[in-house]
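TrEMBL has this to say about the protein:
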BINDING   A:183, A:184, A:208, A:209, A:265, A:287, A:296  ATP binding site
DOMAIN    A:60-165  domain 'THUMP'
């Protein structure tokens, strides 16, 4: 392995001024967290770029982690050499030969951030290019469509040579945009909503409504597993499990069938708002998408949304189901989401649901419930846990594996 | 007792047996059951699968539990052939495979598949050029043992993978049963599509194994009747076995990392001592695996040596355990061109991390005295 560094380029460079240093510091923190299991890797930050010194750590595993961190536009494996022509030539040759693998054409793109370096970029292109041509047989230069572009960046203290660029996840570093709570059901949509929210730099806390014994233990485990997948993108995440059985029983008893879904969603939203306030989150994120199911018509959203004036962020609102599935597959939540366990939305599913519920009616029906007391009771029995990236062995199984 | 037959099977670690007992007792639920006991078993199985995936640096979805090396090889070979026969019916393997691989190909020939068996040189290694020439438009599978179980020869898996990478229609299966935790390979770097490992070869329980199935590879399942193991192998999971395998794999890999040179040291010591014995001809190649040493005692029946050694509680073997009860000369040594005399009189010594230099010395001393006694009797 000739590559000894990784060069990281930031996404959304438009963010400048004061925000920029906060943005960069947060990104550095997030990268540090993600690379905790690689103790020898060192992160350095310079203006406009970040560098990871690999110091012998596995570059593939690190690349895999980096590809999931928001705020990175792209990154490259790099060879770091001294600012000296022969060293640069040798470094470029090593960098190229390692990834050549049957490729036939290349070009050199030199850039001098360090104007004190005595050789101009054009001349450097020539010097490095001809050195490579002399040393690798069967290779030709193609300046328009090269198979490999050998980038040579002469910076203040050192020169970095890179040959392949990996796409990052884009977006903003998680933690630069405040906090939201995510209503996480265990279906396909809500984990994707959480992912997209994090992409815009917010931190999330997840809320799940659980109705034992009607909903299986596996349904809760599934949500824990989904949260774990999300932690790969956003670092550790708090998960709040709300005991919801009693509320559902009460709704079932007192509310007409075609309004049970509406009232249930309104109560979930109220509880989420309470948790958000307590956890200092500024918005609620859901996986709702317009027109997908009865509770997600515009009428229905209008009626459900009445109970809170907190912003409700719906990243999927205009997406088609197939688009959502694509993202779910990409981020690794799909296979978990489709595990067929009953959850609190399916178990008490009424025979019919109004697609055009009205606020007045919902309010009238709700008078039959002691909503405040029910909510207090649910909150008092909240189960909160912290989910961290990477699999840990379940306490009960300690010693077995 | 000096146990030097670790290529036949290894002694399970004490910790592994503890795990097996605890899991059998406490987590006996069927992971497919909906109740809490079932769920616990399911989570435990999931964690075992995850641990194995991490150790092998692959994804959890690529780990398919099996009953061991034989099933893994059969599922990989027949599963590929039957699933993809529409694309071609030509298969390639070598003639130094383990019987579980070799005989699967024999069965497929009866079903109308065409099989090319690659030759090996005196070191038991295949030639990449010969492989290249054997590839055809209708080739769908190349299957190869990594570390030969009799000679310890190592096939150039990386080079084969590099070559086959350019043929996306051809699947690459590796029988890694002898190599696991002794001669590590990276499945991804070697572009392997299917890879067999077996628990009892690295101090796990018998009846457990893993077939690595790269994401995107489809196989015809050999056992149907349930959705277990991603529909590839129906049947209630052997939870205590698989959890124990996960533990044995972790412990063995840790021991390999902590003490990489130990097996090489044992091998070197043994080789140095053996060359000094007049009656001995070495069969293992110089660059072979660190845990297998094969040699012949021409003119002496190996069974007699084995019996004499076992009286002193020293255990070695003749050829592969799976075929050692057949009186024929070793097929592997024959096709490697070592001649009938050597193939008839071969003895295999195989180590694990627990063996010591003292044990090797004791083995050699005993062997020398047995050989000289036998020579007297036979003269």
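Placement of Cβ uses the backbone N, Cα and C atoms for every residue, glycine included.
In three-state terms derived from DSSP, residue A:209 (ATP binding site) belongs to an extended strand segment. Non-local neighbourhood of residue A:265 (ATP binding site): A:295, A:300, A:304, each in the same chain, at least six residues away, with C-beta under 8 Å from its C-beta.
Residue annotation for ATP gives A:183, A:184, A:208, A:209, A:265, A:287, A:296. The furthest Cα pair among them is separated by 19 Å. Helix, strand and coil residue tallies for the domain 'THUMP' (A:60-165), in that order: 37 helix, 34 strand, 35 coil [DSSP].
In sequence order, A:190, A:191, A:194, A:206, A:207, A:208, A:223, A:226, A:227, A:239 are the residues of the chain that are 6 or more apart from residue A:184 (ATP binding site) and have a CB within less than 8 Å of its CB. For residue A:296 (ATP binding site), the same-chain residues 6+ apart in sequence whose C-beta sits under 8 angstroms from its C-beta are A:288, A:289, A:290. Sequence-distant contacts of residue A:183 (ATP binding site), defined by Cβ-Cβ distance under 8 angstroms and a gap of at least six in the same chain, are A:190, A:207, A:209, A:268, A:269, A:272, A:284, A:285, A:286, A:287. When secondary structure is read from DSSP and collapsed to three states, residue A:296 (ATP binding site) falls in the helix class. There are 25 other CB atoms within 10 A of the CB of residue A:287 (ATP binding site), with all protein chains counted. Residue A:208 (ATP binding site) counts 25 other C-beta atoms within 10 Å of its own C-beta, drawing on all protein chains shown. Summarising the environment of residue A:209 (ATP binding site), the number of other Cβ atoms within 10 Å of its Cβ, over all protein chains shown, is 27. In the predicted model, residues of the domain 'THUMP' (A:60-165) average a pLDDT of 91.
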